[in-house]
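Notes follow once the structure below has been shown.
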Amino acid sequence: MTFNPTRRQVLVGGASLATIVALGGVHPAFAGADRTKITVRVEKDLSNLDPANRSGPIDLNVIWSVQQGLISFKPGSTEWELDAAEELEQVSDTEIRFKLRSGLAFTGGYGDLTAEDVKFSFERFITPDAEGKPVTYAKDWSALDRVEVTAPLEGRIILKNPAPALYTIALADGSGRIVSKKAFEALGKDIATKLVGSGPYVLKEWTPREQFVLEINPDYKGPIKAHFHQIVGKPIGEQKTAEIAFKSGEIDFTAIDPENGKSMAALPDASITEIPAIDYVWFGPNIEKAPFDDIRVRQAIRYAVDIDAILQGAYSGLYPRANALLAPSLLGYWKDAPVHARDLDKAQALLREAGHADGFKTKLTIEANARYEAIAQIIQANFAEVGIEVEIEALESAAYWALGENDASKDLELSLIKFNGKFDPGFQTQWFTSAQVGQWNWQRWKNADFDALHEKGGVTVDPAEREKIYIEAQKLLDESAAFIWITHNLNAFASRKWLKPGVLPNGNNWLYTAFTQATA
Amino acid sequence: MRSASLQIHLGFKLATAALAVAGSVVLLMALTRLIPGDPATVILGSRATPEAVATLNARIGLDKPLIERVFTFFGRLASGDLGEDVFNGRPVLSLVLNALPNTAALAVASMLCAVALGLPLALFSARWPGGKTDRMVAFLSVGFISTPSFVVSVFLLMVFSVHLRWFPVLGAGESGNLGDQIWHLVLPTAALAAGWVGYIARLLRSSLLEVLGENHVRTLRAYGVSQTKIMMKYALKPAILPTLAVLGMGFGELLGGAVFAEVIFNRPGLGSLIYDAIRTRNYPVVQGGVFVIVMLYVLTNLIADLSQSLIDPRERARLTSGQGH
């Protein structure tokens with residue numbers, strides 16, 4: 001058999017071969033052999049890099065890498081360690097003395113880091129700007145009276161009242177970052193997009209909506225060691241796209257849906273990390289509205305709902321059940337909190353007693369997404385068994401959260417809510433005080449004893465005493481039957497096997513400096 | 001006299017276009033007031049105090065009446081200013097200008113790809129109507145048209161990015177590296193063009209068959225002119241006119257359709273810019289982005305309209321004879 005190709009066949013064949021050769025090579029984005037650099041997925045682009053006006057954890061994680069605080073969180077822990085401070089001492093309930101390390105310098109030629117910069121950085125939070133407007137995170141430093149500079153590298157933080165939460169909410173967090181006073185004055189409003197710091201990394205590049213690049217700061221002299229020469233952050237909004245990009249090898253680390261953990265773990269070079277979160281997901285009624293103003297009705301719906309079925313149906317049985325406000329890893333965790341089991345007889349008896357033997361109609365408002373819709377449908381089915389007819393109202397995210405503005409939540413009946421937690425219990429309890437009715441206390445539950453406990457917890461220094469206070473506060477929440485807890489959530493991450501991610505216990509905050517090469 | 005008539009026609013078209021753009025922006029600004037939620041809640045987090053929300057809204061200018069905001073927008077527009085991103089004060093114009101080339105490249109590439117594939121398919125179909133090729137093209141065309149582009153996108157990603165690792169998933173390629181940018185363009189282009197290939201093939205086939213059925217074509221056949229020559233020389237030009245008009249509008253549709261491709265392929269274009277801005281209630285970015293999209297839409301329609309007038313001798317004659325619009 002002979003093969004005599006025509007001119008046309010040769011041309012077509014040649015063109016096809018060229019195309020295959022051109023397209024057949026693996027794209028450089030997939031090479032992934034360079035282990036001095038990692039590419040991480042962030043859920044959204046950087047937004048505002050001024051620590052006092054940052055817009056969330058994505059900004060904060062970058063700010064943490066570039067700017068120092070007097071203290072910083074230890075990798076993987078809610079505890080802190082010294083950072084820019086060489087010494088830090090709680091002299092009294094209202095005074096903290098600090099001494100800075102010598103030789104710390106800001107990048108970009110903005111000079112040494114001094115106590116004046118610390119004073120400027122912290123007092124910004126209690127001093128309105130030139131237009132008389134407070135910074136976004138002013139509340140973090142509400143206990144601050146002033147910062148006194150006692151020497152170029154030494155000073156005293158003077159508080160108006162004891163504030164044990166200050167360490168985790170402000171000093172180690174974003175509101176405790178030290179900005180250069182000189183840079184701040186020189187950059188003006190560009191401080192939101194240009195990050196000047198003295199930390200282990202510099203923000204080498206930020207191409208909006210494409211990527212940011214952190215690179216090791218060669219002039220850094222502090223105690224924290226950065227492990228990767230370069231960290232590239234790619235904003236990817238869609239979870240599915242992120243998972244595909246991880247599978248294709250373009251990114252090395254991403255948060256994933258825990259339900260996809262198993263399939264992702266099956267990839268040859270992937271490692272899955274799960275971290276129980278400290279969020280709180282619950283649903284509850286507006287107790288100002290009938291029939292939920294009757295505690296018997298509230299108790300009845302607590303008996304009517306099947307939380308375990310929700311965890312199974314909406315969370316694939318992977319998420320832990322929450323029985324109270326505070327998650328197990330937090331101070332004030334109430335380990336003996338009652339686990340309210342489903343009991344339809346009790347629910348019906350209570351409804352009969354409250355005059356609703358034939359049930360009633362109500363509306364459950366949720367933020368529109370697949371998981372919350374699944375939860376709502378299970379609640380709907382559970383309640384139908386005791387004669388309560390539930391209409392589900394699913395709102396798009398921004399429209400849903402707008403219910404917290406100007407008393408817009410007063411018309412709610414039942415609502416399903418998720419709040420993110422912080423490492424101090426007082427952060428979590430603050431949203432349930434009477435003063436929050438009309439803002440974020442959508443159950444509109446008022447209890448003077450709870451308010452007093454929240455206040456007391458905020459100024460009590462002894463951890464054992466604080467623990468008792470927050471457990472007492474949670475007992476009051478439980479007695480009200482206005483809050484039906486579901487879960488504290490679960491975070492899951494996919495990373496390359498050779499990479500050990502540096503995630504804090506809340507899952508939302510990452511220490512890029514704590515991303516290391518896996519030893520195993 | 002003839003040139004005056006053409007100028008009036010052009011002036012009328014431009015005035016209509018300007019009105020359409022202005023009307024869209026005003027409508028958009030009015031509609032955004034009706035949507036619950038504001039950027040302050042997004043910036044400050046879901047549990048901001050009402051005072052902080054009010055302060056921030058005042059800083060952004062959202063506390064001002066609609067009419068004042070409309071005048072401010074158009075006043076700024078005169079100096080080429082589209083406002084500022086509410087989150088960090090970046091000029092919206094620079095955000096839009098950075099995103100626009102990515103979207104334009106995607107829309108143009110998709111259109112070219114659709115024409116390059118749709119045109120020969122239509123010619124083959126019309127050449128042998130009712131035959132195997134025609135039936136096959138009809139089947140493929142309907143398949144392409146009815147498959148949503150996001151389904152095609154995910155399929156392409158799974159095959160060519162995850163399994164074969166030929167094409168990247170993310171972004172628009174390295175700045176200044178044309179080869180890399182083209183590489184990043186291949187999959188989103190294919191996803192976006194697929195439906196249009198079928199659409200162009202069907203539309204052009206119908207037009208061709210219509211022209212091929214006319215008397216002058218029969219005369220040409222009687223004179224022994226080959227079918228291929230009739231198709232390419234005499235039928236294609238008049239048959240392509242309706243397709244051109246559709247392509248003009250289709251380009252605008254592609255700009256809108258690019259949103260899906262840009263979100264799925266994480267491509268930093270205008271569609272995904274507006275999508276993100278809507279989610280975060282970043283109104284100046286939404287307004288600036290939509291303004292540019294509407295401008296492009298109107299402009300491409302105008303160009304399609306005018307080019308049709310120039311190509312079609314009947315329309316050209318109507319305009320130059322003073323029978324205008």
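Cβ atoms here come from the backbone N, Cα and C positions, even for glycine.
According to TrEMBL, the protein has these features:
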DOMAIN    B:100-304  domain 'ABC transmembrane type-1'
TRANSMEM  B:12-35  transmembrane segment
TRANSMEM  B:104-124  transmembrane segment
TRANSMEM  B:136-162  transmembrane segment
TRANSMEM  B:182-201  transmembrane segment
TRANSMEM  B:239-265  transmembrane segment
TRANSMEM  B:285-304  transmembrane segment
Among the recorded stretches B:12-35, B:104-124, B:136-162, B:182-201, B:239-265, which has the greatest number of Cβ pairs closer than 8 Å to the transmembrane segment (B:285-304)?
B:12-35
Cβ contacts the transmembrane segment (B:104-124)/the transmembrane segment (B:136-162), at least three under 8 Å, sequence gap 6 or more:
yes
Which residues of the same chain, at least 6 past either end of the transmembrane segment (B:136-162), have a Cβ under 8 Å from a Cβ in it?
121-122, 124-125, 168-169, 187-188, 190-192, 194-195, 197-199, 201-202, 205, 257, 260-261, 264-265
Please give the sequence-distant neighbours of the transmembrane segment (B:239-265): residues at least 6 beyond its ends with Cβ less than 8 Å from one of its Cβ atoms.
102-103, 106-107, 110-111, 115, 149-150, 153-154, 157, 169-171, 184, 187-188, 191-192, 196, 199-200, 203-204, 207-208, 210-211, 271-272, 274-275, 293, 296-297, 300-301, 303-305, 307-308, 311-312
Excluding the flanking five residues on each side, which residues at least 6 beyond the ends of the transmembrane segment (B:182-201) place their CB within less than 8 Å of a CB in that stretch?
105-107, 109-111, 113-115, 117-119, 121-122, 125, 137, 140-145, 147, 149-150, 152-153, 156-157, 160-161, 167-168, 171-173, 243, 246-247, 250, 254, 257-258, 261-262, 264-265, 267
